[in-house]
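> I grabbed these lines from TrEMBL:
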- A:Lys7, A:Tyr8, A:Gly9, A:Gly10, A:Thr172, A:Asp173, A:Tyr178, A:Arg183: ATP binding site (BINDING)
- A:Thr47, A:Glu74: substrate binding site (BINDING)
- A:264-341: domain 'ACT' (DOMAIN)
There are 2 protein chains.
Amino acid sequence: MAIIVQKYGGSSVGTPEKIKNVANTVVNKVKAGNSLVVVVSAMGDTTDDLIALARQITDNPDKRELDALLSTGEMMSCALLAMAIKDLGYDAISYTAYQIGIKTSGQYGKSLIDDINADRMKKSLDEGKIIIAAGFQGINDEGDVTTLGRGGSDTTAVAIAVKLNGVCEIYTDVDGIYSVDPRKYKNAKKLDEIDYEEMLELSSLGAQVMHSRSIELAQKYNIPVYVGLSNSNIRGTVIKGVDTMNLESKPVTGLATSDEDIAITVKDIKNDINIISNLFESVAEKKINVDMISQTAPIDGKVNVSFTIPKDDMKECLTILKSYFDNNQIDIDKDITKFSIVGIGMKTTSGVVAKMFKLFRENNIAVKMITTSEIRITCAIKQEDKMKTISIIAEKFNL
Amino acid sequence: MAIIVQKYGGSSVGTPEKIKNVANTVVNKVKAGNSLVVVVSAMGDTTDDLIALARQITDNPDKRELDALLSTGEMMSCALLAMAIKDLGYDAISYTAYQIGIKTSGQYGKSLIDDINADRMKKSLDEGKIIIAAGFQGINDEGDVTTLGRGGSDTTAVAIAVKLNGVCEIYTDVDGIYSVDPRKYKNAKKLDEIDYEEMLELSSLGAQVMHSRSIELAQKYNIPVYVGLSNSNIRGTVIKGVDTMNLESKPVTGLATSDEDIAITVKDIKNDINIISNLFESVAEKKINVDMISQTAPIDGKVNVSFTIPKDDMKECLTILKSYFDNNQIDIDKDITKFSIVGIGMKTTSGVVAKMFKLFRENNIAVKMITTSEIRITCAIKQEDKMKTISIIAEKFNL
């Protein structure tokens, strides 16, 4: 008897009617002979509503208490789904994080799952119960309730699948993973499967379908994760380890863009590794997430360094820069779009960069910065070139 | 340094603004040199809203899941109050029932507190923290969340006061305990103090100021409980062990009425203890709460038995009666008001019954049934006589 761990997002359980629909879907899977663990997010906008409530108390809610507050959203939806399933004549039981020992560590609001005590769940499954587990939450060593960050219920589901040796199905409001965001490129193709690493790159590049840590966890334990619509015949996407030697695999699987960053260039820095490393250490201390970094070759013992940071961190970053450099050394470019192509096939296929640059040149697309990893190429381009670039690249690489 | 356990009801924490007011009140008590534990109910109508949500899922919500659902209301208000206090620069920490080990037993929805593990609270108080504890909830031996029934937060507060050897203050939306419900008798006097037993009798007779079990618990451990308005100069009422030998104590402390019952009379029962005990056993099995019972002396080996039950249980009770007796033996009187006077002074003052009956006779008030305890006299009267009876008795006994 297969153990299936399903996760339903907030929009799937947004109303009592939708909760009853999920109950029916779950019961049908049980009728088909499976053991079910269902992880649910908070109903609809509950988490946002709770945050708004906290902000009516104070602009700066205590992080421990905010986690305690937010965790109630998932407890509510769990209890309601368990009621709905019991109402259909099937035995269900809701569990909070402390009841199934979801141990976490790290900061409030973005804790990591260390372990889950699977005993109670195994016992309940043996007794024929359908388990409804609260996503997004855990308990740290102090016994405090912690949350895993936005989308953390995905990670709860994968972690439970790992512990119970089950398969994982993430039901969301998109019908699968696309090579390109369909809102940006209408001919975007849905992928039947995607490799963990590709999905990770796409997630970090702004494809907000899945919580990144859930993919890392699935990759670590090699658990396939299905992503798609619930109650639908439309086939979704399986995230798994894809055989890169497959001759038919395409070099590029997906494409992502983000307008959330700015580029900062510091000119005429003395080419001293201490200066540059001190700078990036100071930036890191302020938890500013530096993404693309490029450095020009030294001329007359001086170099230029460019890097991108989230828009919101600009002010804080400038304060740091001014403590190291003169104002006229610092240049800010707000007009950038990060444009990335991702594909595990790039490992074994050469010429992808060359092909891309040829297309850029032919179409007069200026590249401001470029960084690459083994399976990703990211360029900073002008924002006005974004839609054109998406079309050209998606078409040529058959995305 | 005194430990004060305060409880704030749902209306006291009904909005973010009111929560901030409570935070201020709490901080002032701390500034005055006290250690504070604050027990809060769910905000405003949250509990009712959650019940309504459950009923949108099913007419008959699973009791375990309903308790899991309802318990989230108190978790929310706790976290919000802790945030509000921290925002004032004082250290506060919210605790759920499982975090401070509030162990319960019994049925879901009306569990009893068996014990509380005070260690974590003591440690937090030693660290100078203000504890915000979730009322109304506990954890049973199976690790399930249970609730204590409507008003159960009062019992949480008293139980914590017992464990921490503190004093208990219940803040609610009434300014104290009155000898008569002020809505029914405008000259009703507020009591400075009331004995535990008197308060228990009044509670069981429909004075819904406090959770009955909280009073039993306070009495058992002889913890004085203050009841009143928060943030007010109006003096409330202290529930405590009152010295009954005090010459100035009045024989009657309070008066209560209830229109929630009906009287059933069964005529011409063979005077066989088995029949009557079997009847009441069958009624008890259906959890029907029989209150007043009176039996006439046997005539020709036959007796009449009258008793009152809650209106809502009439149908079920009749089904039982019909399995024992003929239809024409059963008589139902829906026109009754239970009228009770309560006073620990009755133990030592004779003639209270006589005085009451004299007043009834002079004012032409018919008494249908009567039962008494050591500190209470309850009569069933006609509903139309209720207001008149309240005025007469309240005036003559100076209530």
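The backbone N, Cα and C atoms fix where each Cβ goes, glycine too.
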> Tell me the coarse DSSP state (helix, strand, coil) of A:Tyr178 (ATP binding site).
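In the DSSP reduction, A:Tyr178 (ATP binding site) maps to strand.
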> If one measures from the C-alpha of A:Glu74 (substrate binding site) to the C-alpha of A:Gly10 (ATP binding site), what distance in angstrom results, rounded to a whole number?
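It is 9 Å, counting Cα to Cα.
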> Could you give the Cα-Cα distance between A:Tyr8 (ATP binding site) and A:Thr47 (substrate binding site), in whole Å?
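Between the Cα atoms of A:Tyr8 (ATP binding site) and A:Thr47 (substrate binding site), the distance comes to 15 Å.
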> What is the interatomic distance between the Cα atoms of A:Arg183 (ATP binding site) and A:Thr47 (substrate binding site), given in whole Å?
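Roughly 26 Å, rounded to the nearest whole number.
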> In this predicted model, what is the average pLDDT of the domain 'ACT' (A:264-341)?
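87, rounded to a whole number.
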> Does DSSP put A:Tyr8 (ATP binding site) in a helix, in a strand, or in coil?
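The residue in question, A:Tyr8 (ATP binding site), is strand (DSSP, three-state).
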> Taking only the Cα atoms, work out how far A:Thr172 (ATP binding site) lies from A:Thr47 (substrate binding site), in Å, as a whole number.
16
> Helix, strand, coil residue numbers for the domain 'ACT' (A:264-341) per DSSP?
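Within the domain 'ACT' (A:264-341) the tally stands at 30 helix, 29 strand, 19 coil.
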> Other Cβ atoms within 10 Å is the metric here; tell me which of the binding-site residues A:Lys7, A:Arg183 scores highest.
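When each Cβ's neighbours within 10 Å are tallied, A:Lys7 tops the list.
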> Taking only the Cα atoms, work out how far A:Gly10 (ATP binding site) lies from A:Thr47 (substrate binding site), in Å, as a whole number.
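That separation, Cα to Cα, works out to 9 Å.
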